[in-house]
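Trainee: The following feature annotations were taken from TrEMBL:
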{"type": "COMPBIAS", "residues": "671-682", "note": "compositional bias 'Low complexity'"}
{"type": "REGION", "residues": "662-683", "note": "region 'Disordered'"}
{"type": "REGION", "residues": "842-864", "note": "region 'Disordered'"}
{"type": "TRANSMEM", "residues": "66-88", "note": "transmembrane segment"}
{"type": "TRANSMEM", "residues": "109-131", "note": "transmembrane segment"}
{"type": "TRANSMEM", "residues": "183-202", "note": "transmembrane segment"}
{"type": "TRANSMEM", "residues": "214-238", "note": "transmembrane segment"}
{"type": "TRANSMEM", "residues": "250-270", "note": "transmembrane segment"}
{"type": "TRANSMEM", "residues": "296-318", "note": "transmembrane segment"}
{"type": "TRANSMEM", "residues": "339-358", "note": "transmembrane segment"}
Amino acid sequence: MYGRYTQDLGTFAKDEAARLRLQEGDTPQPRHPSELLEYTQGRCGLCRVCALQCQRFLISKVGEDWVFLILLGLVMALVSWAMDFAIATCLQAQKWMYGGLDTNVLLQYMAWVTYPTVLITFSAGFTQILAPQAVGSGIPEMKTILRGVVLKEYLTLKTFVAKVIGLTCALGSGMPLGKEGPFVHIASMCAALLSRFLSLFGGFYENEARNIEMLAAACAVGVGCCFAAPIGGVLFSIEVTSTFFAVRNYWRGFFAATFSAFIFRVLAVWNKDEETITALFKTRFRLDFPFDLQELPAFAVIGIASGFGGALFVYLNRKIVQFMRRQKAINRFLMKKRLLFPALVTLIISTLTFPPGFGQFMAGQLTQKDTLVTLFDNQTWAKQGINDEFEYLGILEAWLHPRSNVFVTLVVFILMKFWMSALATTIPVPCGAFMPVFVIGAAFGRLVGESMAAWFPDGIHTDSNIYRIVPGGYAVVGAAALSGAVTHTVSTAVIVFELTGQISHILPVMIAVILANAVAQSLQPSLYDSIIRIKKLPYLPELGWGHHEKYNVRVEDIMVRDIHYVTLNCKYRDLQQVLHSTKMKNLPLVESAESMILLGSIERAQVGALLNTQLSPQRRLLALRQKVMPEDGHRLSDSSIRFQISTETSSGTPARAALRKPLKPALKRVPSSPADSPPAGSTDHTGIALKSLFCANAATEPTEVRACVRRKGGPLLALVGRLYPLACPMAPPQILEWEEQQLDQLVDFSSAKIDPAPFQLVEHTSLHKTHTIFSLLGLDHAFVTSIGRLVGMVSLKELRKAIEGSLTGKGVKVRPPLASFRDSTASTSEADTTALHQLWDRHQHHHMPREAGPGGDEDDDTPK
């Protein structure tokens, strides 16, 4: 019935090619192409030909993936190392200024506060002037772009420069800000710019799908070169930017991230910052007995507490932004004084971290890197609450205070840094939140570890061997748990393994991260999803835990039933009404209003183009010429003036093939007597025809028309211009009347681009399946059909409301509105089957209008 393959397609192709070669004869081809013949002359001709062929081979290889990924990794490693060097220089300058003024506390305070305020203000101003798109993390925008949404100016060179310089100044100020999120954005911009450059060697880099794949690899490079953690970078980028990940991009991400991390660490060795390639925050925990099994409940407590802390951090960050936006007076004031808010926030935070002041209770003089180094330290800072039993050396002295113990210092540090980081990440500069949260989590883990060491000074192992508790291991667990709770990722566990260079605490870290994610995901969205909601970017929320009722909700419960559509036999007036009544980007095309059979979809721009073409001035002038042409076709006398003018002369656009014939004589004989002149109430169509033929603009003034006639027609036309006074071709009432006539004509869809297979869902599709389809294909809308009939439409807006509105304010689950009328076991009814057969019999010979291809028309070779 359906036929079968009698021969493999590849075998058939080979046999057919061999047969054609035998028919044509095997004529030997010249070894060198014609363009290489000029290089074959002379004594070194062969060498020149080989060199040229090698050059072309290398140019062709430049466009391959591995070359692109190597260039991307190399550039990002250089950018990361240069930025770290500049940031370290800025922080060292602040310490130098602070240390050089130790004789005067007031001058120390002025230097400590003014330096970061100036840097943050410059960063905010420079970013706002050059590219406001560079503000913030960049991961929310990349998550939106990878979903298929086009965000203008987010991947340009201008934004790249603003992001790099603004981030360097922001981190050099010493504020509690991060660099991981911005580096994802920087790597994506670098990949986009490299794609544009390499498109000179091969056009395949202009392909949209390929660019998306390269952006996915660039997100992994951003994290990999930031922390020298290629494995965690790839996994983290997948978790925070992708709902569904194409496995074919897996090797691209690992290759580019590994190469970037390698170059980044090699540059540190070259600059003599490190002796060899090691982890950024290398730890030396004991490997023979890293922890006792009885410590696992303490690690679980860290995970659960970090889950609540991460949800609170996201909530506090969102509430700060919403408060600033809802207070209209404050919002208007800050919009006028854009640099006042970042300067004020920097002034407050710098004042609180001033070391001789309140900063002495929270290790205020330490940078983020120094803080992590001390928190991951192997030794125990306190034993049984007595802090003088341990000798503080170097930067560890920052945690020592003569009037308080280490527990008070850690508690104050956690509480102050928590709200400071939530506030600092809202200022309009390029910044991230991963590193501040990472440090806060490490401090909380250190606090729990120090408490465990104080409660069990000899360890909790029951055997004869004594293994003391290592608080640094608790700090690693806390850092991974809190950062994973804020970002809703599990890959932070892998990142801390690569950061510390040890995997001894893999079990406690995984337990804490999983528990933190379980708690945080049930309370708040991730920080990046929260920013997406604040910025009102197009997004699709995830089906979180506890959403089992979504399997009972179907498309018919959430779809929009009253939608605007275009019929196949509609008039141009209907198109005009549809454009005025809806803002849909894609309009459904149905057979008729009675049958509602979905034939395809047409873009809003195409509908507007159809209307513009139908009501264009060129068609109006063409109709006017045809109206003034002599209808009887009688022969004019010799004294009459005849013109043969094609439509290509009077129109700036090519006309249709049917209108390319020469026009009939457009000028009648000049009246020689007053009796032959037109009546007083008549219109001089001859002058109108002259103006329409020689001037493309219908609204040209009479003086301009005469100049146009003299310029285009020469002396003879100038004479005609003096004989015939020129007026406007059509008065406004005549134009309106002509447009009304055109709007009443049937629409010709032959020149429109119609999508014959738009995405469709049936009424009984579950919400869970709809969410999967939208996420996997990156859809923003889909039409809902029933037996081929258009019954509604579902967009991201309806889907988002259905997912977020599953629970009311009191926590009562909403039952689907049509659940009482639905029989889950019922199949298609007999009436529907009968209707389906009738529709098939009636429309099986129906031809839908399609876009004409290059070879689709025998009379015209060009696409319409």
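Cβ atoms are placed via backbone N, Cα and C, with glycine included.
Each of these features: where is it, how hidden is it, and who are its neighbours?
Mentor: Through the fold, the transmembrane segment (66-88) approaches residues 164, 167-168, 171-172, 179, 183, 186-187, 190-191, 194-195, 198, 205, 214, 217-218, 221-222, 225-226, 252, 255-264, 267-268, 271 of its own chain, all at least 6 residues removed from its boundaries and within a Cβ separation under 8 Å.
Listed by sequence, the residues of this chain that lie at least six past the ends of the transmembrane segment (183-202) yet keep a Cβ under 8 A from its Cβ atoms are 59-60, 62-63, 68, 71-72, 75-76, 79-80, 134, 137-139, 141-142, 145, 154-157, 159-160, 163-164, 167, 210-211, 214-215, 217-219, 221-223, 225-226, 237, 240-241, 432.
Sequence-distant neighbours of the transmembrane segment (339-358) (same chain, 6+ residues past either end, Cβ-Cβ under 8 Å): 98, 105, 108-109, 112-113, 116-117, 120-121, 123-125, 173-176, 324, 333, 364-365, 416, 420, 423-424, 426-429.
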Trainee: In the same chain, which residue numbers or ranges, 6 or more beyond the ends of the transmembrane segment (109-131), come under 8 angstroms Cβ to Cβ?
Mentor: 90, 93-94, 97-98, 101, 153, 156, 158-159, 161-163, 165-167, 169-170, 172-175, 338-339, 342-343, 345-347, 350-351, 354-357, 427-430
Trainee: Using Cβ atoms and a strict cutoff of less than 8 Å, what residues sit near the transmembrane segment (296-318) while being 6 or more residues removed from its termini?
Mentor: 418-419, 421-422, 425-426, 433, 437, 440-441, 444-445, 448, 452, 474, 477-478, 481-482, 484-486, 507-508, 511-520, 523-527, 530, 533-534
